[in-house]
Amino acid sequence: MQTKPFRIGTRGSPLALAQAHETRSRLMAAHGLPEEMFEIVVLSTTGDRITDRSLSEIGGKGLFTQELEEQLSSGELDIAVHSSKDMPTKLPEGLHIAAYLPREDFRDAFIGRTASTLKALPDGAIVGTASLRRQALIRRLRPDIQVTIFRGSVGTRLRKLDEGTVDATLLAFAGLKRLSMEEVVTELLDPTDFPPAPAQGAICVESRIGDPRTDALIAPINDHPTYDAVTCERAFLAALDGSCRTPIGGFAICDGDHLKFSGLILTPDGRREHSIEVEGKRSDAEALGLRAGEAVRAAAGPGFFESWS
Ligand SMILES: NCc1[nH]cc(CCC(=O)O)c1CC(=O)O
């Protein structure tokens with residue numbers, strides 16, 4: 001092992017920093033190395049700088065990863081740590097996801113001010129979220145609810161909730177747990193009627209393809225069940241050409257060598273939907289996700305997709 005510190009790139013949000021620190025701790029533990037061997041390099045991304053518009057308006061998911069990926073490709077970073085959910089399905093040439101850390105709880109959390117559950121919200125209540133998926137899922141269950149765009153860090157969103165701008169908001173439970181803020185949650189949403197975003201709750205490590213020193217360092221922190229589950233979920237998204245404009249939910253669960261995936265696509269108003277379940281061998285995770293995506297796409301027909309834009 002060389003002595004130059006290993007450079008870990010991350011965004012600067014509190015959640016991103018917590019994830020980078022978790023990755024460093026796992027690397028230190030796996031190799032018995034001191035903290036000084038790892039340098040956490042914080043970069044600001046376009047997605048961090050623009051917080052008043054929805055991601056789909058400003059150009060999609062890549063905005064959170066582009067700056068990190070440029071520095072990874074040029075060799076200034078050795079790895080980049082991300083929320084897998086924020087990763088586009090197609091990565092830049094020469095980069096790959098080398099590992100997924102053990103997945104945190106993937107459910108969405110409801111944080112209510114005027115009611116403690118989504119069902120108990122008063123008629124016409126306002127829910128703040130920037131996610132098209134959450135918006136569509138809310139409207140599917142409660143068409144009377146108004147959804148308003150709500151971006152920014154977890155802290156900003158909770159402050160707006162306190163200030164009374166909205167009745168409730170939804171956040172990934174995983175992010176709240178990583179920030180030790182789970183006590184704000186008033187309801188955990190059942191993934192069978194409120195499926196999470198594909199890859200929600202999983203931290204991933206991105207690196208250069210053909211970098212054996214990094215591969216050797218990262219391999220021991222990869223969690224295989226998470227790798228297979230998230231690979232399946234991302235394949236589902238890829239088959240649907242998933243972007244920020246498409247309300248898509250889905251999750252895979254590994255049980256021994258078996259994997260079961262449930263997926264859902266819906267229109268932004270939550271009035272039309274198609275769901276799918278597939279299961280098979282964990283070693284076929286990617287093929288299963290692709291098959292599920294293609295099946296749901298065919299079942300929905302082209303008219304369904306046109307209604308999204
Ligand atoms: N789009 C922002 C984002 N990306 C990942 C998470 C949460 C952590 C995770 O899913 O791993 C969040 C915030 C949220 O949805 O509440």
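Any Cβ shown, glycine's included, is placed from N, Cα and C.
Residues or ranges marked as domain 'Porphobilinogen deaminase N-terminal' by TrEMBL: 6-214.
According to TrEMBL, the domain 'Porphobilinogen deaminase C-terminal' annotation covers 229-295.
For Cys244, the entry in TrEMBL reads S-(dipyrrolylmethanemethyl)cysteine.
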Which residue counts does DSSP yield for the domain 'Porphobilinogen deaminase C-terminal' (229-295) in the helix, strand and coil classes, in that order?
25 helix, 26 strand, 16 coil
Any idea what the model's mean pLDDT is for the domain 'Porphobilinogen deaminase N-terminal' (6-214)?
93
